[in-house]
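Visitor: Let me begin by handing over the structure; questions about it come next.
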Amino acid sequence: MKVDVLLGLQWGDEGKGKVVDVLTPEYDAVTRFQGGPNAGHTLEFEGQKYVLRSIPSGIFQGGKMNIIGNGVVLDPILFRQEAEALAASGHDLTRQLYISKKAHLIMPTHRILDAAYEAAKGDAKVGTTGKGIGPTYTDKVSRNGLRVGDLLSGFDEKYAIAKRKHEVILKGLGYPYDITDLEKEWFEALEYLKRFQFIDSEHVINHLLDEGKSILAEGAQGTMLDVDFGSYPFVTSSNTVCAGACVGLGVAPRRIGEVYGIFKAYCTRVGAGPFPTELFDETGDLLGERGHEFGAVTGRKRRCGWIDLVALRYAVMINGVTRLIMMKSDVLDTFDTVKACVAYRIDGKETEDFPFDICEGVEPVYVELPGWKTDLTRMTSEDEFPEEFNAYISFLEDELGVPIKIVSVGPDREQTILRYED
Ligand code: GDP
Ligand code: IMO
Ligand code: MG
């Protein structure tokens, strides 16, 4: 069997958690392959709402195996808070959740470094989630990181060496900090972490595939936040694209199956950085209000704008998307018309190709389509879709060259419409 990958095509928060939960019954295991607690994946079912940060979104579907892969960075404190909150609501994860020994640990000083680097950038700051993501991946690549498997031997010495390096950097930056309480909490959280099963996840995953088991890989962030292909330097520090699943799980490219690309019917971004279709008017405010566009983790207001097909076409290409999933269609229900950016105008010239840099001088070229002015939220089949909404779907499919397999019309698990069977 193969690993199917589900990943965001925009700037994150597309609704990955919801759809992973919906698709999990089709799979034997769900895995995260990159990112860490910078993610906030929201799931709603049976009147309850859950936000997951490091734990895969397959955790609520009947005892399926959930794996935190080697490409993930794990903060023991935030992981403990997440796991304890789930345990308190009746979801004991200890027999369902497996953690790669090769996943890197976010140290208390990584969080401080994240804040210190942001402060040093001044106006050019990235607007990170402040979770220590960048510094942890930096240490991984520069071979100074600590891994979950290091907890099994010689950990204290490795920790002391890594921490000393951070202290030197922080002193150099002149950044004041005190981690006494945070460090105590971190070591307590490490003891808590040890109740979970640490595994050689690349072996486990490949054995599962050899045995004919199916796996769903859950992306975090989105393609436009990818460290190589996103709007650099306003990106996260991992490869959020499909190839990241190979590296972040230890599976060969030929073992990747379907690639689900997920996007909102419009577009949002949280944090700093370019966003060509951003709206600064009442339409943008209305999208934010109707879409409840506030960060699942940080509570920050998300910037809103029309769908950007130049960026989406690029994301489809980089990821090799085979099936599209459109989210939050209901948010557009009240609009008379909806707009879609089909090209950029740069220095007076129109282009449909995503350029090297979208930081300056990019003007969106829009196509305007009729709105559907119909409540989609109670619909259960595509047969009920109004004509104008079907026209919007067909337009996007033509522009992107990939079928839209799933349409989401509300936050609940049930508000998910499968458009066609294979
Ligand atoms: P993720 O990070 O990609 O998992 O997405 P988030 O959970 O950060 O953000 C998506 C938000 O949209 C969450 O609050 C979801 O509950 C909500 N959501 C998901 N799908 C829909 C939808 O079809 N309609 C509406 N109105 N909300 C949705
Ligand atoms: P999910 O998985 C939206 C953004 C931050 C910032 C940039 C770098 O919920 O879609 P980082 O803390 O990663 O160094 O921040 O990336 N960012 C996200 N935006 N959704 C996310 O995750 C994000 N994770 C990081 O706002 O602009
Ligand atoms: Mg999110």
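Sequential numbering from 1, following the chain as shown.
Every residue, even glycine, has its Cβ placed from backbone N, Cα and C.
From TrEMBL, for reference:
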{"type": "BINDING", "residues": "12-18, 40-42, R302, 328-330, 408-410", "note": "GTP binding site"}
{"type": "ACT_SITE", "residues": "D13", "note": "active site, proton acceptor"}
{"type": "BINDING", "residues": "D13, G40", "note": "Mg(2+) binding site"}
{"type": "ACT_SITE", "residues": "H41", "note": "active site, proton donor"}
{"type": "ACT_SITE", "residues": "K140", "note": "active site"}
{"type": "BINDING", "residues": "A296, V297, T298, G299, R300, K301, R302", "note": "substrate binding site"}
Visitor: Highest Cβ count within 10 Å among the binding-site residues G12, G40, G299: which residue is it?
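Guide: Per the Cβ count, the most surrounded site is G12.
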Visitor: Would you mind sorting out which recorded positions among D13, G15, V297, G299, V409 put a C-beta under 6 angstroms from ligand 2?
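Guide: The qualifying recorded positions are D13.
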Visitor: To which of the recorded positions K18, H41, K140 does the lowest count of other Cβ atoms within 10 Å belong?
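Guide: Selected from the recorded positions K18, H41, K140 on minimum Cβ neighbours within 10 Å: K140.
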Visitor: Take the C-alpha atoms of T298 (substrate binding site) and K18 (GTP binding site) and report the distance between them in angstrom, rounded.
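Guide: With distance taken Cα to Cα, K18 (GTP binding site) is 19 Å from T298 (substrate binding site).
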Visitor: Report the residues of the chain - excluding A296, V297, T298, G299, R300, K301, R302 - with C-beta within 8 Å of the mean position of the site's C-beta atoms, for the recorded substrate site, in sequence order.
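Guide: Those within range, site residues removed, are G40, V270, F294, G295.
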Visitor: Just checking, which of V297, V409 (binding-site residues) has the fewest C-beta atoms within 10 Å of its C-beta?
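Guide: So among V297, V409, the binding-site residues given, the one with the fewest Cβ atoms within 10 Å is V297.
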Visitor: May I ask which of the recorded positions D13, G15, T42, K140, A296, G299 have a CB within less than 6 Å of any atom of ligand 1, listed in sequence order?
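Guide: Within range of ligand 1: D13, G15, T42, A296.
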Visitor: Measuring Cα to Cα, how many angstrom lie between A296 (substrate binding site) and G40 (Mg(2+) binding site)?
Guide: 5
Visitor: Find, among the binding-site residues listed as R300, K301, R302, the one whose Cβ has the highest number of other Cβ atoms within 10 Å in the structure shown.
Guide: R302
Visitor: Where the residue listed as 'active site, proton donor' and R302 (substrate binding site) are concerned, what is their Cα separation in Å, rounded?
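Guide: With the alpha carbons as reference points, the distance is 15 Å.
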Visitor: Taking DSSP as the reference, which of helix, strand or coil describes T42 (GTP binding site)?
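Guide: Once the DSSP labels are grouped into three classes, T42 (GTP binding site) ends up as strand.
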Visitor: Within 10 Å of the Cβ of T298 (substrate binding site), how many other Cβ atoms can you find? Include all protein chains, please.
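Guide: Total other Cβ atoms inside 10 Å, all chains included: 16.
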Visitor: Near T42 (GTP binding site), which recorded positions out of D13, K140, G299, R300, K301, R302 have their CA within 10 Å?
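Guide: Cα within 10 Å of T42 (GTP binding site): D13.
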Visitor: Using S329 (GTP binding site) as the reference point, find which of the recorded positions D13, G40, V297, K301 has the shortest Cα-to-Cα distance to it.
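Guide: Checking each of D13, G40, V297, K301 against S329 (GTP binding site), the shortest Cα distance is to D13.
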Visitor: Measure from the Cβ of T42 (GTP binding site) and count the other Cβ atoms within 10 Å, all protein chains considered.
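Guide: A 10 Å sphere around the Cβ of T42 (GTP binding site) contains 19 other Cβ atoms.
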